[in-house]
Structure formats: structure tokens, C-alpha cells
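Undergrad: Have a look at this one.
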Amino acid sequence: MDTSVAERVAANPTYQSLKATRSRFSWTLTIAILIVYYGFILLIAFGKNLLATPLGDGVTTLGIPVGFGVIIFTIVITAVYVRRANGEFDALSETVKREVLQ
Amino acid sequence: MSSLARNLFRTLGGAALLAAPTVALAAGDLGGQAEQQPTNWTAIIMFAVFVIGTLFITKWAAARTKSAADFYTAGGGITGFQNGLAIAGDYMSAASFLGISAAVMASGFDGLIYSIGFLVGWPVITFLMAERLRNLGKFTFADVAAFRFAQTPVRIFAASGTLVVVAFYLIAQMVGAGQLIKLLFGLEYWIAVVIVGALMMIYVLFGGMTATTWVQIIKACLLLGGASFMAFMVMWNYGFSPERLFASAVDVKAGIASAGGAAPEQARQSGLSIMAPGNFITDPISAISFGMALMFGTAGLPHILMRFFTVPSAKEARKSVMWATGWIGYFYLLTFIIGFGAITFVLTDPSFLDPRGGLIGGSNMAAVHLAHAVGGNIFLGFISAVAFATILAVVAGLTLSGASAVSHDIYSTILKDGKADSASELRVSRITTVALGILAVALGIAFEKQNIAFMVSLAFAIAASANFPVLFLSILWKDTTTWGAVIGGFLGLISSVVLTVLSPSVWEATLGYAKGSAPFPYTSPALFSMTIGFVGIWLFSVLDRSRRAQIDRDGFLAQQVRSETGIGAAKASSH
């Protein structure tokens, strides 16, 4: 790709909005996973008793749904990003290509 | 960190897992090597079926491997779903399967903390890297890291980062393979290592990425299928009630404590301890540092990054990570159930226990004995064969990635200035494959009796401290320059290695200095070495006033446009 194409793309308003939206979205999700994971680690470090609280009368503790929750959250948040990127963002990206390259 | 946590680290440390320290976990037996078992013919026959099947695939793949692009990326024709399974197959090692289920059996909830660490890197790859890698790269992650920089210095760095990570990971896998196969199949250690080395060479040499991908896909299916069956049988026995499974496991653990002489109340507490975090974190800095190594190391493993070039578009690259994350997450949920199943089925059955109450063959046998308990001899053979297949899939991916660093980054780009023809590049990658295979076997045999448990953690720490910062900043930070990337990257690499050597897992466990004498007290260097890597890149980029630095910064716009839109990418991969 020569520089003039890159400059034309960079000046394209659709491209700019795609870049800004995607960047905001991916950083928001990145921060979310960082908070969830390191929150989990800190909870283990400083909130052991909370995680050891039994749910109801059985032996199952709060730690089990929290731990499984982190795994499920990781899978779901990945799927959320991929869904939006493969739909909305790719469509925008196609628009940019159409607008600039033709 | 407590010694239990440290042992667990080692367990998870990788295939190293399969070596000495893990054995200590449940059995409390610090004696080292895996005990050789009687020759297991069911397992050997099942494994032979796997090998014959994969050799046919290799033959088919060989006919399709004509160019360097075929060799490195299977011609770019893998779908997102297939690639997702292959990534899962590349990532889920025998270590995760046997090591994590053993860790869960030994300490319950703490085992889950490890699984989560191994999973959380995937969203980071998805959000920040996968599609950009695909849009910018062609064959290796160095294509991306060096995109707008002076090729030679950045490629030298990237090839070093790749080869060092591959070397440590490979040694750990080879030693683990030897130990595991001795254990499962009753073969001599060196024979096992030679078989693994030879098969891996055949897959990669003749079938390149196509054969490697299909070996990984088949292995992922077998492993996920086998683990699902075991978890299903465990849950079925408890009427699909997790509470009933947990309650029974707590009773078993309390019973063991009570048999060991604990008072009833104490025994009950000891049983309940598997339901909550125990000794994993006594030192939050180690925990966070190790978490960072796992999370960001995943995003810097060359053999994983390479898989993103096998799909035709950014869309498929994203689909691959989505599937990979789903399968890997599912797998870790299964290992948790399998670990608890091992408590209730294996620890209660004297035929699996040695006279001291430890598992026959060592604690890593938890999942293997459970396979016997829920599925009889045939299923035991199946799971043993799957564990072997698992190692093959991982080492094939590693070797391919090491070979591509030599042939594509060093030979083709640096020595031939990017003008090497496909045939000679292919020849160099095949020669490198043979060299790496022989080296892996030699090192595997040389390290048999060594405590190499730190090696996989080290590979993750280097990937997080050297490869990841360079990739991340070169993609996202405009002002990164050639020298910033190279100097910062090498600082991250060197500091992660040096701090690991100075940490207890090498200083005390491998070099044998007195306990507590390690100059670097934490389990993982990542928190510090990643910081050194990032700060180094930033500092030397900011200070860089060379003419090249201006070209590097000016190149950002074009790189960014391509990484965001894929314009220009399709042609680059020549699919």
C-alpha cells in the first residue's frame, strides 16, 4: 500500500469513526478482563474468608460460582467482542474500502 | 509463597509437571522420578492407531506442501473453527490435563486458580492482537514486530525471542514426554524421547503447517472428548449435582485427615479446605507476577501467534480465538470436575494407592487412574494414548515455529535480504526442523534428571517480557523506534531469564543453594521484567534521535491503516 492510499484512508471520516469506536470498545473490554482477573487474585489474597462462605447448608462455597464465573466471563466477553467486530466493525471497514479505493 | 504453592507452580510449570516436583504434591514424597510401569499394550495399540492415522494425514499434507507459504501457514486456507481447535490443541498440554487435575485432587479450589490464569490471556489476544496480527503479518510474529522498522535488528531480536521461548518450552515438553511415557506405557525414558522427537520431525518436515494443524485438531478432539466423558461419568454418579460431588470429596478428604490422626473437628476443617482458596497466595506480589506471566505470556508465545497466519482473513482470525477460548475454558471446567472425581473415585480405591497412601505412579496419575475407574482398561489405554498425542501436537507446533524463525526471519529476510526463493527457504526450514528435532532429543535426554520445573513458567515470562511488549508497542504506539524495540525487547528477555535464575525455583530447587537464600524472592519475574521491557522500549524510543527513528515514526500511519482495515493484507499473504 503506498502512502497516498494510507493518507486517504486516514482522512476518511468512516475510518476515523471505526478506529475510535473499536479502540474504545477493545480497551473497555481489556480493562474489564483485567479488573475481573486481578480482582479475583486480590480477593483470594485478601478475602479468603468471603470466598470460603458456604452457600446454603451444603459444602459448596461462594468461591465455586465466583471461580466458574470468571471462566464463563472470559469466554463470554471474547464472544461479545468477536460478534461486534465481525458484524459492525467489518461492515464499516468494507465501507471504508469502498469509499477510498474506488 | 508456601512450599505447597511453589510445588503447584512447578506442577503447572508445564510438562515439567510430569517430572519430579509434582509427584511430591499428593504423596508428600519428595523423591523424584516417575516410576516405570508395566508395559501397557492397550495404550500402545491405541497410540499406534493415532500415529498411523496422523502419518497418513502427513502423507496427504506433504503433497500439498510445495511452497514456503504452505509450510508456514498451510497456504492460509484453514477456517476459523478449525484454527480455533488447532490453537486449543496447541495450548492444552499434557501438563494442563494431568497437572491441573492433579492439583485439583491435591488441593481443590487452588487448582482452579491456575486454570483461570491460563485462560485469561485469550481475551487480551482477541481485543488487542489477533486481527492486527493477521492484517500485518505473513508467516511469523517478526513480520508484525518489524513491519515499519529496520528489518535486520528487529528480526534478530524476534528470532532470539522465538528460539529462546521455543527452547525452554521444548525441553520441558520433551522431559515431560519421557517421564509420562515411562509412566503410562512402561517404555524406557530415552526410547520415549526418541519416539517423540522422530514423530515430531516427520510431521513437520513433510507435512509442515498442514500436518501440524491436523495433528493438533485431532488431538484437541480426542482430549476434549476423553475429558468430557470422564467428567460426565463423574457427574452421572452424583446425579449431576455438584453439591453431592463436593460433599463426597470433602468427606473423603476429612476421612484421610482423620486416618492420619486428626481430631474429628480438625479433620472436618481439613476436608472443607478444598472448597476455598488455601495456600496459593501467601504473597500477593508473586501471585500477581505469575498472573501477568500467564496472561501476557500467552499473547507472546510464538507458536500460538503463528497460528493466526493460517486463516484467510481478520474475520476468521477473530473466530479462531473465540473458538479457542471457548474450548480451552470448557476444558478447564472439565479438569476441575475430573480433579474432584479423582478425590472420590481414586483416593478411595486401594488398588490405585501405594502403601503410603500416595497414588501409584505419582500424583500426576490422578486423571489416568480416574480414567481406569470410570471407563475400565480400554478407556485407560485411550487416555494414555491421548496424553502422548497431546505432547506430539505441542512439540510439532513449537518446532515449526522455531524453524520458521530461522528460515524466514534469519535466512530469508536477513541473509537474503527478502529475496530468497520459496524453494531454498523451504529447504532451510526443513534443515532447521531436523536440527531442532535432534537438539530436542539430545536436550530431553540430557535434562532427564534435572529439575526443570521452572522452564515453562520461564517461557511464559520471557514471552510476556520480551515478545509481548515489542509486538504491543510496535502495533499501538506511534513513537516506537527500531532501537527502542530492540534494546527494550532484549532488556525484557535478559531480565526475565536473570531474575528466574535468581528466584527460588532455580537458585534453590535446581542449583541447590540453601532454602531462603534466593536473591530474588518471588516466584515469577514477570511483574518486574515486563516493566523493564516496556520502560526500556519507551525510554530508548524517546531518546532515539537517529534518522531511522524518523522513518519508523513516519511509517506508523500506513501500518495503522493496514492493521485496522486489512487493506493490503490479502496480497501480502499471497494466498
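Backbone N, Cα and C define each Cβ position, glycine as well.
What TrEMBL shows for this protein is this:
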| type | residues | note |
| --- | --- | --- |
| SIGNAL | B:1-26 | signal peptide |
| TRANSMEM | B:42-62 | transmembrane segment |
| TRANSMEM | B:83-106 | transmembrane segment |
| TRANSMEM | B:112-130 | transmembrane segment |
| TRANSMEM | B:156-177 | transmembrane segment |
| TRANSMEM | B:189-208 | transmembrane segment |
| TRANSMEM | B:220-238 | transmembrane segment |
| TRANSMEM | B:327-347 | transmembrane segment |
| TRANSMEM | B:378-407 | transmembrane segment |
| TRANSMEM | B:428-447 | transmembrane segment |
| TRANSMEM | B:453-476 | transmembrane segment |
| TRANSMEM | B:483-502 | transmembrane segment |
| TRANSMEM | B:522-543 | transmembrane segment |
Undergrad: Does the chain bring the transmembrane segment (B:220-238) near the transmembrane segment (B:378-407), so that three or more CB pairs sit under 8 Å (pairs 6 or more apart in sequence)?
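TA: Contact between the transmembrane segment (B:378-407) and the transmembrane segment (B:220-238): present, because at least 3 Cβ pairs are under 8 Å.
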Undergrad: Can you see whether the transmembrane segment (B:189-208) and the transmembrane segment (B:83-106) are touching - at least 3 CB pairs under 8 angstroms, only pairs 6 or more apart in sequence?
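TA: No, the stretches stay apart by this measure.
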Undergrad: Six or more residues beyond either end and a Cβ under 8 Å away: which residues meet both conditions relative to the transmembrane segment (B:156-177)?
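TA: Sequence-remote neighbours of the transmembrane segment (B:156-177) are 13-19, 93-95, 140-142, 145-146, 192-193, 196-197, 300-303, 388, 391, 394-395, 398-399, 401-402, 405-406, 409-410, 414, 436, 440-441, 443-444, 447-448, 450, 452, 455-456, 458-459, 462-463, 466-467, 470, 485-486, 489-490, 493, 497.
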Undergrad: Are there residues at least six beyond either end of the transmembrane segment (B:42-62) with Cβ under 8 Å to its Cβ atoms? List them, or say none.
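TA: Same-chain residues near the transmembrane segment (B:42-62) but 6 or more away: 74, 184-185, 199, 202-203, 206-208, 210-211, 214-215, 218, 222, 377-378, 380-382, 384-385, 388-389, 392.
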Undergrad: Sort out the residues at least 6 away from either end of the transmembrane segment (B:483-502), same chain, that have Cβ-Cβ distances under 8 Å to it, and list them.
TA: 145, 149, 153-154, 156-158, 160-161, 164, 454, 457-458, 461-462, 464-467, 469-470, 473-474, 511, 518-520, 525-526, 528-530, 532-542, 544, 546, 548-549
Undergrad: Against the transmembrane segment (B:378-407), which of these stretches has the most C-beta pairs under 8 Å: B:83-106, B:112-130, B:327-347, B:428-447, B:453-476?
TA: B:428-447
Undergrad: May I ask which of the stretches B:83-106, B:112-130, B:428-447, B:453-476, B:522-543 has the most CB pairs under 8 A with the transmembrane segment (B:327-347)?
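TA: Between the stretches B:83-106, B:112-130, B:428-447, B:453-476, B:522-543, B:83-106 has the largest tally.
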Undergrad: Given a Cβ distance threshold of under 8 angstroms, which distant residues of the chain, six or more beyond its ends, lie next to the transmembrane segment (B:453-476)?
TA: 9-17, 19-22, 95, 128-129, 132-133, 136, 141, 144-149, 154, 157-158, 161-162, 164-165, 168-169, 171-172, 290, 292-302, 305, 484-485, 488-490, 492-493, 495-497, 500, 503, 505-506, 509-510, 523-526, 529-530, 532-534, 537-538, 541, 559, 563
Undergrad: What parts of the chain pack near the transmembrane segment (B:83-106), using Cβ distances under 8 Å and only residues at least 6 beyond its ends?
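TA: Distant contacts of the transmembrane segment (B:83-106): 8, 11-18, 22, 25-26, 112, 114-115, 118, 172-173, 176-177, 180, 213, 215-221, 223-224, 227, 298, 303-304, 307-308, 310-311, 316-317, 319-324, 326-328, 331-332, 335-336, 338-340, 342-343, 346-347, 363-368, 370, 387-388, 390-391, 393-394, 397, 456.
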